[in-house]
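Data first, discussion second: the structure below is written as structure tokens.
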Amino acid sequence: MASVTRAVFGDLPSGAGTVEKFQLQSDLLKVDIISWGCTITALEVKDRQGKASDVVLGFAELEGYLQKQPYFGAVVGRVANRIAKGTFTLDGKEYKLAINNGPNSLHGGVRGFDKVLWTPRMLSNGVQLSRVSPDGEEGYPGELKVWVTYTLDGGELMINYRAQASRTTPVNLTNHSYFNLAGQGSPNIYDHEVIIEADAFLPVDETLIPTGEVAPVQGTAFDLRKPVELGKHLQDFHLNGFDHNFCLKGSKEKHFCARVRHAGSGRLLEVYTTQPGVQFYTGNFLDGALKGKGGAIYPKHSGFCLETQNWPDAVNQPHFPPVLLRPGEEYDHTTWFKFSVA
């Protein structure tokens, strides 16, 4: 069974509201979630010696999350990932979004779902956070009602995303947690062993927009179907890191996505999802400038993300899985993060 406690995390400047923290605890995991951006601020997992460490990057205080920072632990939307040139056309009308990442729009725009206060509701084994994204917010059409539910069961953290739209709109929601299974603040993730259950990936252009090709992983650096040690793999293939979408099974049922093992501590993370893709990101843009929890600094490659989601720029690429939500339909996706010790 999991227990849930509620506390104040901090106050937003100029009376904009109070951010609350919800702590979900089981015998195996302890997870802190705040109502600002539905953000996971801490996640404690025991190693094989029974010693607990926090395995997500982030900040101890609210101020950390209000500064410019790379979406640590947050839910991103209305559309996660990149939209080419920040434009798309729907029913003959062109929509223009904020350009906030090179020439493209990233993670919902300038003030996406990660930079707003959500309304929390405590559950017996978790917390549900909701908000209404107004029509036209960040340039997107239609009002969108959104519910994000975190529940804890033993070593498994489940995140369910639901949304309903008043007008047809693209929707793609994910959680942007950065993990380091050696413990946050550890210098890199090179000793992590990774498997991603994907037969194909999306090659990208120099601005990280998919070219449209769905490329087989066979015989490439992107073949992670058998375990690879990350540091050695990046070196062998002369890669700066990963920031790519891997194409998962097309089924809407729960399917295995990825497994990451840290041999030193014995910690194991398995990811399951209903989503058609996962963006595997190795923290290539982290540069050590931000001060994290316990005085930690976060240099390049000090954390990894497994952002389960639809494929990037799907709104402009008709052969990608459908990303449009229509009135009367419900967006409903779930991702499971299962922690254990091996």
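Every residue number used here counts from 1 along the chain in the order it is shown.
For all residues, glycine too, the Cβ spot is worked out from N, Cα and C.
Residue environment of His176 (active site, proton donor) contains 22 other Cβ atoms, counted within 10 Å of its Cβ in all protein chains. Residues or ranges marked as active site, proton donor by TrEMBL: His176.
Other C-beta atoms found within 10 angstroms of the C-beta of Glu307 (active site, proton acceptor) number 22, with every protein chain shown included. Per TrEMBL, active site, proton acceptor is recorded for Glu307.
Positions annotated as beta-D-galactose binding site by TrEMBL: Asn81, Arg82, His176, Ser177, Tyr178, Asp243. Taking Cβ-Cβ distances under 8 Å and a sequence separation of 6 or more, the neighbours of Arg82 (beta-D-galactose binding site) in its chain are Asn101, Asn104, Ser105, Leu106, Thr207, Leu208, Ile209, Pro312, Asp313.
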Around the Cβ of Asp243 (beta-D-galactose binding site), other Cβ atoms found within 10 Å total 17
Cβ proximity for Tyr178 (beta-D-galactose binding site), under 8 A, sequence spacing 6+, ordered by residue number, returns Val56, Leu57, Gly58, Pro70, Phe72, Gly73, Gly283, Leu286, Tyr298, Ser302, Gly303, Phe304, Cys305
Let's check the environment of Ser177 (beta-D-galactose binding site): how many other CB atoms sit within 10 Å of its CB? 26
Cα-Cα distance linking Asn81 (beta-D-galactose binding site) and Glu307 (active site, proton acceptor), given in Å to the nearest integer: 9
